[in-house]
Amino acid sequence: MIEFVYPHTQLVAGVDEVGRGPLVGAVVTAAVILDPARPIAGLNDSKKLSEKRRLALCEEIKEKALSWSLGRAEPHEIDELNILHATMLAMQRAVAGLHIAPEYVLIDGNRCPKLPMPSMAVVKGDSRVPEISAASILAKVTRDAEMAALDIVFPQYGFAQHKGYPTAFHLEKLAEYGATEHHRRSFGPVKRALGLAS
């Protein structure tokens, strides 16, 4: 992997999202400005870390970062806008929530939302840029906790296990029980379960 070269600026925020693929729940984003004076060891793409390690790093990031913020787009916004535009909106909300305005924003992936400061998309940024890694950890821990909470209300769907992704088990339960109000009605499997597919 080519080493990432940082822009020549002080306050760099990293942004990542979790939850574009699931059939249920919000897409959750995070923005993080790390403190160079308080390094955090072991930052990596949240998907490559154990749950225990993610939880520990999440607390360390919140404690040590110069600023961090969460953003989200709810299922009804995803249905109205589509998942790409809803993700961009959630990223804008995360950046707007930072109590320190970044001079530059690095976004995981291949496209940037419109922001009031310069930004750059970084492919595989969650593995290459510590600020994006930190954002991916905050977003994943937050969304996983929301799915665990939803699992208590709707235990029959198994949200705590599959996090809302379209696993065979989830699709089977969707067909059996129908959709909850938290399901994304614009997504094909949910449409089919509701009998809305054309």
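Even glycines carry a Cβ here, placed using N, Cα and C.
According to Swiss-Prot, the features are:
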- D16, E17, D108: divalent metal cation binding site (BINDING)
- 10-198: domain 'RNase H type-2' (DOMAIN)
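The Cβ of E17 (divalent metal cation binding site) lies under 8 Å from the Cβ of V27, V28, T29, T87, A90, M91, D108, G109, A139, each on the same chain and at least six residues away in sequence. In the structure as shown, the Cβ atom of D108 (divalent metal cation binding site) sits within 10 Å of 26 other Cβ atoms. Sequence-distant neighbours of D16 (divalent metal cation binding site) (same chain, 6+ residues apart, CB-CB distance under 8 A): T29, A30, S46, I107, D108, G125, D126, I132, S133, A135, S136, A139.
Of the chain residues outside the divalent metal cation site list D16, E17, D108, V15, V18, T29, A30, M91, I107, G109, G125, D126, I132, A135, S136, A139 have their Cβ within 8 Å of the site's Cβ mean position.
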